[in-house]
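Note sheet for the following structure.
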Amino acid sequence: MQNIVTHDRLVLPRLGLGTWPMLGEECARAVQSALELGYRHIDTAAAYENEAAVGRALEQSPVSREDVHLTTKVWWDQLQPAAMRASLERSLDALRSDRVDLFMIHWPGRDWDLPRSIETLVALREEGKARHIGVANFPLALLRRTVEELGAPLSAIQVEYHVLLGQRQLLDYARQHGMALIAYSPLARNRIAEVAEIRDIAARHRAQPAQIALKWLLDQPAVAAIPKAGSVANQRINLGALEVMLDDEDRALIDALPKNQRLVSPDFAPAWDACDE
Ligand SMILES: NC(=O)c1ccc[n+]([C@@H]2O[C@H](COP(=O)([O-])OP(=O)(O)OC[C@H]3O[C@@H](n4cnc5c(N)ncnc54)[C@H](OP(=O)(O)O)[C@@H]3O)[C@@H](O)[C@H]2O)c1
């Protein structure tokens, strides 16, 4: 498995397993099979309500906890210092871990004290409860403020990114600052197979559409992807993306697809940057 190495030495396997919206046994089974297949990056969050299942699967797996990158996140209404600390403590309990590898703010808060939240995020890292810290769903201006004004040593940003949604500005910024960009919904929530160009490229490579969509992301410097796959079959297919070799013609076809199809935008989402690819 290829890794990304960030400015502060977060070693992040490029392909991870997304666990939302799996719960309980379904989630534990999916994490177990992913670890058996060779996945070493698991993405969860307090809001997914599946951390206990993830923790159980990690504990029961013969794979050493030290060999698995684990991300969790704190929900946007828990960003006051005491609430953020309590959220991470609950996550660690559920995950049966002393620390997580990456702890992220899941969404920007509303009417929040950004400096105090970031101060707390950084303190949790300094205390060793999170090896690395990051943010998700931050538009560029907010990310810049967090890094440049508040000096937060972020290792990663997690945002929606796939063949139908561009993230050029955030990606440039992440690269300039040695951060990883973790692509969520990398299969455009399973809409990939509806895209004729992706189907054609897949047919040419005797590959699956999902593999083409994932490899397009994974070929980009600093980009990791966390497809959710409940079945062993789809987990195996997604891992197989690493073997696919896209050429310039494939990339040109994918680059020419519309890049404005944002699928995840709940009512508490920030004002997004205009799509930029
Ligand atoms: N930070 C955030 O705000 C945020 C927001 C959304 C998601 N996320 C994270 O990102 C992860 C992935 O995003 P997502 O779940 O929204 O979308 P996604 O990974 O783009 O798509 C998941 C869907 O694709 C299907 N699928 C997986 N592999 C496939 C394959 N090889 N062929 C055909 N279908 C396949 C899955 O079905 P099966 O399960 O049946 O395989 C599921 O229906 C989440 O699980 C979560 O961890 C984070």
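Each residue, glycine too, has its Cβ placed from N, Cα and C.
Unlike curated records, TrEMBL annotations are generated automatically.
Taken verbatim from TrEMBL:
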| type | residues | note |
| --- | --- | --- |
| ACT_SITE | Y48 | active site, proton donor |
| BINDING | H106 | substrate binding site |
| DOMAIN | 15-257 | domain 'NADP-dependent oxidoreductase' |
| SITE | K73 | site 'Lowers pKa of active site Tyr' |
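Neighbour density for H106 (substrate binding site): within 10 A of its CB lie 22 other CB atoms from the protein chains shown.
For the pair the residue listed as 'active site, proton donor' and H106 (substrate binding site), the C-alpha distance works out to 11 angstrom. Here the Cβ of K73 (site 'Lowers pKa of active site Tyr') has 27 other Cβ atoms within 10 Å, regardless of which shown protein chain they belong to.
Summarising model confidence by region, the domain 'NADP-dependent oxidoreductase' (15-257) averages a pLDDT of 98.
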